[in-house]
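Just below is one structure, and these are the notes that go with it.
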Amino acid sequence: MSSICKGDNSDLTEERKNATFDTDKMAAVIYGREEIASRRRQLTESISRIHELAESKPLVFMTREEKIAESCRKLEVLSRHWNQTPFNRDNEEDALHIYREVLGMEGHPLALHDTMFIPTLVAQASQEQQEKWLGRARRKEIIGCYAQTEMGHGTNLRKLETTATYSPDTQEFILNTPTITALKWWPGALGKSSNNAIVVANLLIKDQNYGPHPFMVQLRDEKTHIPLKGIVVGDIGPKMAFNGADNGYLGFNNHRIPRTNLLMRHTKVEANGTYIKPSHAKIGYSSMVKVRSRMAMDQGLFLASALVIAVRYSAVRRQGFLEDKTQKVKVLDYQTQQHRLFPSLARAYAFIFTGFETIHLYSQLLKDVDMGNTSGMADLHALTSGLKSVVTHQTGEGIEQARMACGEHGYSMASYISEIYGVAIGGCTYEGENMVMLLQLARYLVKSVELIKSGEEKKLGPMVSYLAAKGGHPDLSSLNGYVTAFEHMARRQAWKATEKFLKLMETGESREVAWNKSAVELTRASRLHTRLFIIEAFMRRVSRIEDIPVKEVLTDLLHLHVNYELLDVATYALEFMSSTQLDYIRDQLYLYLEKIRPSAVSLVDSFQISDMQLRSVLGRRDGNVYENLFKWAKSSPLNKSDVLPSVDKYLKPMMEKAKL
């Protein structure tokens, strides 16, 4: 049962009493195991006792400068109180959870330090380099970011323009951004906060370009924080969201760094300029793969946050009547509201479970690479490319539905859903634009189909082995039947897109033109393949659950998920599934909406997202929305005076003049 406290809204209390499972046990399933869920609660509790972390006013009422100053103030407070928390500075998950609790989703100076800068040092710096920089980074003696994207180049790494030219005479790399479009653009915390960056630049030796490589670059003096000679750096301005972060630009004019600042775990440049290539051509992409490998979980938590708000508020908000004309109905009792929210709730769980799988696959990949085995690189790169695209897009859709489900109050910043949306939707373009990501996965699918056509299906990776299977009609009486249906649709679309691409080349089109003319069909194949993987990940997680009440409700949520997902792509089932089967799937969806309804509030409570982190008046744990909405509105800076200076200066004279 969810926690119930004296003074809670009676409707939310009623919902929580209806729970058939223990939310702490559900949290253990969500976050992997009981120790992790318990640790998150301990961290949240310890942080709540540090009163200096309280905000003087809601973040949404702060200017951008105030937000950045507030995040810096809180980081300094945290640095003085670490010993009051069970925080482990070497644990990335600890850091991410604490920052979400304390700093919310507005961004902060350490956002990329812990998620990109340190992990890249771990994955790509040599032992000697780690001894030099990693400890300092973890102790926060230096603050770093990851600078790859340029003003004119994002997803296409091979077209990056920043150069690092090696000088054998001085054993230095000379960094330059030769054009305006070569400026590094967008990296978080680059503008004003970071004094170091891992910069991705083309490595040039004796006029030969060896492609993009990561370099450790000091940007600012460690005492004065003034940019070093040959470096121009600054903030790129306000954004759709995430305005507590100083996303920046960075340019170089013959800036010199030592040869040993090239990250050398997998590749080296000798003093005489000899280049030693990595064991795999795309080993340098591991930092991107790392970020993408956890994006499913991060986006799932963004979606979860929006659903905590929308589901709780829908249980508190009453509107209209059904059979009982004496009492208004909870909005959550309307089937349309359930249909709007519950499929997204299922997706949030599915994305988090999928994220844990891909994080595990990435960890295994790092171990394999250290042993000289890079065979899993292509598989994981393809998978995370597809997941990144599908999950970010569906998360954006789900958050927007959650906002609209809150009615007019969802449009207010008091709901905080618009901020969650703005942060989450950025994932559709950072770390690779979504359409490009789908096409990267499509290349992998096309190669797989070509292997089958040439009789080499034994070379297929496990994630695409279904492409060689024979189709069959699904038995929808079991979950495996839904997997069979999805496999059939994904397989047929992958073959259809590949055949179109190959046929265009046979008619004389170049590979590039044929690819472009097949691109829409190829992206459809990638989406279906990815959605199949998500369903299977959800099923695998549910199959391992031991607690019976938790397993029962998640099995219901899984049934809701597969029925909704199959209906969502029903056009691909033409000539494969009958209208009777589709009607059955639709009826099953409505059945599972009803089954999930009594557990909805406890399912969102199980994410255990605190009020401090949620920052939402509508999604408060206690459900006391309306009195706090009025309190929130009164705290608006416009209400400091009854008459605004602009009224005295402009509107009153205008009205007086109109009376003459």
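In case you wondered, yes, glycine gets a Cβ from its N, Cα and C as well.
If you look up Swiss-Prot, you'll see E431 marked as active site, proton acceptor. Look at Swiss-Prot and you will find Y146, A147, Q148, T149, G154, T155, G188, R317, Q337, Q338, H339, R340, E433 tagged as FAD binding site, backed by similarity to another entry. The substrate binding site annotation in Swiss-Prot covers K282, I283, G284, Y285, R292, Y430, E431 and is backed by similarity to another entry. Residues or ranges marked as ATP binding site in Swiss-Prot: H339, S389, H393, Q401, R524, A525, S526, R527, Y572.
In terms of C-alpha distance, the listed binding-site residues H393, Y430, R524, Y572 place H393 closest to H339 (FAD binding site).
In this structure, the CA atom of R524 (ATP binding site) is 21 Å away from the CA atom of Y430 (substrate binding site). Residues H339, S389, H393, Q401, R524, A525, S526, R527, Y572, recorded as contacting ATP, have a largest CA-CA distance of 26 Å. If you take the Cα of Q337 (FAD binding site) and the Cα of S526 (ATP binding site), they are about 30 angstrom apart, rounded to a whole number.
Look at the Cβ of each of the binding-site residues G154, G188 and count the other Cβ atoms within 10 Å; the largest number goes with G188.
A Cα-Cα distance of 38 Å separates Y572 (ATP binding site) from Q148 (FAD binding site). Between the listed recorded positions, namely E431, E433, the fewest other CB atoms within 10 angstroms of a CB are found at E433.
Note on proximity: of the binding-site residues Q148, Y430, E433, the one nearest S526 (ATP binding site) is E433, by Cα distance.
Counting other Cβ atoms within 10 Å of each Cβ, the lowest count among the binding-site residues Y146, Y430, Y572 belongs to Y430. A distance of 11 Å separates the Cα atom of G188 (FAD binding site) from that of Y430 (substrate binding site).
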